[in-house]
Number of protein chains: 2
Amino acid sequence: MPDTLDPEIASRLKRDDHGLVAAIVQQHDTGEVLMLGWMDDEALRRTLTTGRVTFWSRSRGEYWRKGDTSGHQQYVKSVAIDCDGDALLVRVDQVGAACHTGERTCFLAGGDLPAVVGSRPEVAP
Amino acid sequence: MPDTLDPEIASRLKRDDHGLVAAIVQQHDTGEVLMLGWMDDEALRRTLTTGRVTFWSRSRGEYWRKGDTSGHQQYVKSVAIDCDGDALLVRVDQVGAACHTGERTCFLAGGDLPAVVGSRPEVAP
């Protein structure tokens, strides 16, 4: 296993001031958006080469592999990069809850904000 | 329409060094993850109160409303916040392409990275 991220991939990343890109985690079959995490080059390398999702924890300043403490592993199905290289879409098979609160997703844990719903204009038939 | 973000909502946001939170945009019915954008308090206020998604452009340093130049509007269906307040999940009805490249999603535009696929261990029956 290579111990640095493929330079061709590394050259496509547009990292923030802390060297990180956002990683959206989505359940591969249901389409549920489970959580948002952060990856540096090494976290992405581990994610691409091991079949398990690894993040960089901004609060703890360390790598963490989802499931190592909770048992709620994320198994990688695919990893896509966006058009400008500052976001990743990681499709996974999530065991149990993705959120540390025990909810299936971090967005169910936080909940909906009150929002005005918009609709595309009606088009005359 | 109020001209500042509801303080109760504002108090839940965990902004980055630039005052921004990540906003994941998902097609509400198909579950496609369309793009990732960034919002400050004012972009979120506009998104919650107008039925149309507004972002803060980090590269241009201005607000932009998806569709105003492209015609590819994003109509808001719901907005959820995550457990720790640094990410939003905006479910929308996306007209046409979400990506400026003309692709439906920014992740189709960027494409898949080579990844080792993981699987949960087989459990004996």
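Note: Cβ is positioned from N, Cα and C throughout, glycine not excepted.
TrEMBL: automatically predicted annotations, no manual curation.
Taken from TrEMBL, the feature Mg(2+) binding site covers A:ASP82, A:ASP84, A:ASP86. Positions annotated as Zn(2+) binding site by TrEMBL: A:CYS83, A:CYS99, A:CYS106. According to TrEMBL, the feature domain 'Phosphoribosyl-AMP cyclohydrolase' maps to A:35-107.
Neighbour counts of Cβ atoms within 10 Å were compared for the binding-site residues A:ASP82, A:ASP84, A:ASP86, and the top value is held by A:ASP82. Neighbour list (A:CYS99 (Zn(2+) binding site), Cβ cut-off 8 Å, at least 6 residues apart, same chain): A:LEU34, A:MET35, A:THR105, A:CYS106, A:LEU108, A:ALA109.
Each of the binding-site residues A:CYS83, A:CYS106 was scored by the number of other CB atoms within 10 A of its CB, and the lowest score belongs to A:CYS83. A coil conformation is recorded for A:ASP84 (Mg(2+) binding site) in the three-state DSSP classification, outside any helix or strand. Under DSSP, A:CYS106 (Zn(2+) binding site) is assigned to a helix (H, G or I) in the three-state scheme. In the three-state DSSP classification, A:CYS99 (Zn(2+) binding site) falls within coil.
Looking at the domain 'Phosphoribosyl-AMP cyclohydrolase' (A:35-107) alone, the prediction's average pLDDT is 96.
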